Structures are given as structure tokens and as C-alpha cells.
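Record features, source Swiss-Prot:
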| type | residues | note |
| --- | --- | --- |
| BINDING | Gly14, Asp15, Ile16, Gly17, Gly18, Thr19 | ATP binding site |
Amino acid sequence: MPTGCSDTYPRLIGDIGGTHARFAVIDSPGSPPTRFRTLCCDDHAGLLEAVQAYLLLERGLAGPRVAAFGIANPVEGDRVRMTNHDWSFSIEQLRIELGLARLVVLNDFTALALSLPRLQAGERRQIGGGNECAGRPVALIGPGTGLGVSGLVRCGNGYAPLEGEGGHVTLAASTPREAELIAVLAARFDHVSAERALSGPGLIALHDAIRQLAGAPPLALEADEISARAMAASCPWCAEALQVFCGMLGSVAGDLALTLGAFGGVYIGGGIVPKLGDFFDRSDFRRRFEQKGRFSEYLARIPCYVILAEYPALLGAATALDNALAGETGT
């Protein structure tokens, strides 16, 4: 339930990734977010400057009283140094510089997890079978600039988000071909985590490794171009890279579902998978998700959903702000 203290509006909410910073405003109790804008992180020296640029663009906006930002980084203590960007800031100093009475900063995938109970039927697409069980744990995984992992567990009348860095678990091969590719990645990285393959940079690394093993000359392609060529079936190396990506993601998502007992469903977010459409539906994702030997039938009962909502993490940031303010007022 949104807290209704009128003196805390307008509220600023943000979703800060390694590539883009997305902002919106909630004008009054119970109203949906409005004034959506997406800014490029590289265009701004830091988060303060990005927020100031957003507020300047929204000329008719009264100064926000409180704010909540989901950020692609662990949040421990006051100092935040982003993993996939060079921004660094003090939460308290940022609050003062923005003139806010309250500033909540949380991990972006924690924010995304908090949004899941608020998703409407048309804001998710099921992949494969299974039926969600109300009140059971929910898992969340999402490749983007990095690999985000989170979840929800029942707590009282609502859910509590799980905060961790599951994208950095060790990546395991399930096929001889994957073992070859991981060996190539191991020559580049001290630790081949899941994120080293299951992210935008990871898709590029897989494509590079496939070309290297084929004896083909290097070809610098961005992740979006690799995906586009794969879906158009215009490049066999791109097609294999994306197929391997989807299969590995299924395996890692299955591990997560087993760890949490995620009968509330496994949700796939991030900036890559929602753009893949039917390619992802036809990929090895679901087969590999269920392919866990003695526990294959267990996983077959767990549904998987691709998140289709345009700005879900902003809804989660709004929920985190509601919870923080409700805790302060005892409501």
C-alpha cells in the first residue's frame, strides 16, 4: 500500500544501470509514475549530474521531497562505487545536494524483485509449462550490462527481497562445446562467472570465443548486433553465440530455482531477453532449465516468465520508498 503522506510528494524514482539512468515521478498518493525519461550514463559525470539533468528537462516539476534509486551495484553503507560504470557517490551527500528529506538507494535487482507482485498479466510472458504457487519463493534473473539475480520470500502479508550477487557464481559447462568456450574465457578472466557469459559483454565474449575456435578473424560487434544477426539467421557464429547464451541462461536459472524452491515462478528481466521474442521461446532455455537429472520433474512444475513491462524497476523503487517511509511513520 502506498503511504499517503502528502508532504512527501512529488517523489522521484530512478533505475540506474551501467548504460542508462531511467527516472520518473509520482505526483500524489496512489498515482502511477509519470514523466518517464531515459538518460545515457556516459553523458553525465555522475548520478548527481544525471538527476539534475532530468529535473532540468522536466521544467514544470516541483522539487521532489523524497527519492528512491535502484542501482546496478551492491549497496552496503554510505559509499557506492558502481561495478559497470565509473560513477561513485556518498548516499548522504547526494541527498543533501539534491535537497531531499529522504533518499533510499538499493540494488537495482532488489528493486526489480519488489516490482514482481505488481506486474499485470500482460506484463509477463510464460516460457514453457508449470503453474505458480501463491506464497512460495520467487526467483529473478536478468542479463543486461551485468547479470542481476534476486528473489522474493514471503514475509508477513507481503514479500521480502533477497539481496545478493548471484551473477558472480562460477559458470559450469553442461556440454563439451560449452567446456571449450569456457576454456577460452578462462584464458581472459581470472574467474569465469555466470556474468562473464550471460550479459551484454558476455554475449560479445561468447561470439569472440566461437570465432576464435573456428579460426575466423576477429569481428567487433556489439551485443545488439549479435542478437539481430542471430535472429535474422544471417551469421552462423552470432546464431551459435545466442543459442549458447540462452542455453546457459536456462541452466543457471534452473540452479537458482532449485536453490530457492521457486514455485512462485522464475522471472527473466534485464535488457537482452525481452527483446529476443520468439527466438528465446524456441531456444534451449526451457529444456536446459528442466535438465537437472533426478530433479527434472521438480523443475518442470516451476513456471518461467519473461518480464515485458517497460519500467518495472521503477515500480520496485517506488515500493522500497513506500516501505521505508511507512517504517519511519509506524504505519
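Glycine too: its Cβ is placed from the backbone N, Cα and C atoms.
All features noted in Swiss-Prot, drawn onto the structure.
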| residue | record | Cβ neighbours (10 Å) |
| --- | --- | --- |
| Gly14 | ATP binding site | 24 |
| Asp15 | ATP binding site | 26 |
| Ile16 | ATP binding site | 27 |
| Gly17 | ATP binding site | 24 |
| Gly18 | ATP binding site | 24 |
| Thr19 | ATP binding site | 15 |
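A Cβ within 8 Å of the Cβ centre of Gly14, Asp15, Ile16, Gly17, Gly18, Thr19, the residues given for ATP, is found for these other residues of the same chain: His20, Ala21, Arg22, Cys41, Gly70, Ile71, Ala72, Asp108.
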